[in-house]
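Per Swiss-Prot, these features apply:
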type     : residues : note
TRANSMEM : 56-76    : transmembrane segment
TRANSMEM : 101-121  : transmembrane segment
TRANSMEM : 128-148  : transmembrane segment
TRANSMEM : 153-173  : transmembrane segment
TRANSMEM : 194-214  : transmembrane segment
TRANSMEM : 221-241  : transmembrane segment
TRANSMEM : 281-301  : transmembrane segment
TRANSMEM : 314-334  : transmembrane segment
TRANSMEM : 344-364  : transmembrane segment
TRANSMEM : 369-389  : transmembrane segment
TRANSMEM : 404-424  : transmembrane segment
TRANSMEM : 450-470  : transmembrane segment
Amino acid sequence: METLETEKFFSDDKPLLKPISDHSEIKTKARRNAVVSVLIQPFQWLQMLSSRLNLSFVLGVVLVYGVNQGFSGSIFKVVTDYYWKDVQQVQPSVVQLYMGLYYIPWVMRPIWGLFTDVFPIKGYKRKPYFVVSGVLGLVSAIAIVVLGKLPAALALSCLLGVSAAMAIADVVIDACIATNSINIRSLAPDIQSLCMVCSSAGALVGYATSGVFVHQLGPQGALGVLAFSPATIVILGFFIYEKRSSTVPTQKTKKDTDGLGVAVKGMCKTVKYPEVWKPSLYMFISLALNISTHEGHFYWYTDPTAGPAFSQEFVGIIYAVGALASMFGVLIYHKKLKGYSFRNILFFAQLLYVFSGMLDLVFIKRWNLTLGIPDSLFVITEESFTKMISKIRWIPMVVLSTRLCPLGIEGTFFAFLMCIDSFGQLASKWGGGFVLHAFGVTRHDFGNLWLVILIRNILRLVTVCFVFLVPDSDHLDDLVPSDVLPKKQSEDDDDDDIKLLLL
């Protein structure tokens, strides 16, 4: 009897083990599904953007921001640093001044914006400017490689041509970005996230390969890689679809003149609104007060006596890791921060930016070695944190800029706001060059570099005092009155959506 009861007891227990096993399988399957969900989320996000904005617009952003700005821009930064240092043998403070000149074509973005908005060529407003941009960049990049060692002024002119090509292509695609951000305002943060992801991904590839290019081809030969991006922009200009204007030739001049007048009046009227000029002023202050010490850092990085003497390949790796961290910054903003007000995000991001600047000071003073942290580990950690915070700090300002653009002159006005950004960066480069020169930082003397960095960090802290200029609103709020432009619009306005011609 007892044996039968025991057998029954154990036989009754056996089914109890099965649900536990099933539960374990369910948990394993859930974890697997979660991993798959995370992996396919970016593709679902791209599909959503393509369906709501159209695939051609997304591809246009990938080409201009990913290849033109990200990849080519990162190659430009690293290779030109070595070019001025090793080929032209220029002092770091002078290179800072040259780098400021690179921003002149970007300062001229309102002019490029006016051309794309009101001066179509052969009935097209976008296609011809892509071609012009690509040809200019292609010729400039090839010239600086083929002509050998050029005088500094001529070499600077070629590099300015490459920079101008990037700026023109950027303006053309930004006009479309501003239009879509206005028409579908809920997607404005997503569009900027797409831009930043493409830019960071392209920069990651560019930085990762830049050191190898410099090592294998030399600083001057590596500049030839800059011809790749404008070549793709030329092809894009020929194969992109755009609806041709139906305006007859006899009416063209009058239409262009009227359009120019409307654009200028709209800009003047818009910029007078406090909701517009206050955040624009903050954007300039936050960039201008953040004086650049990049060339001082770069010369110190690669100096075998005073600095850690990083190799060309490792310098590229540092920047590549920074680009990867930028992508994490975009992800953090997109997932966690885009619902907060512009003012709150910028306030806390600026405070973290001050802290990241103090890490530079620790590295220059070599306190990291006292703490037992190797130079390579510390610089990669510092670069990652700085780039991530920089991106979180920058995206809200760009999103805010798109919300300040009145419909009808969005290309021109967005270019105007980005021109303010370029002025700020130019002031940052020249201000940093002046301070480096004033404190006697040269190719081989870095004794006062830590003082320059300390001054820069203090100025970053001062910037926090101006955050009140930023509106305490989010990306869904109306910032610009709807009556900025006259209501009369041309009936045959071109469709600004970029559509790739499917072959």
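For all residues, glycine too, the Cβ spot is worked out from N, Cα and C.
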Criterion met for the transmembrane segment (281-301) and the transmembrane segment (450-470) (at least three Cβ pairs under 8 Å): yes
Among the ranges 56-76, 344-364, 369-389, the one whose Cβ pairs under 8 Å to the transmembrane segment (314-334) are most numerous: 369-389
Interface present between the transmembrane segment (56-76) and the transmembrane segment (153-173) (three or more C-beta pairs under 8 A): yes
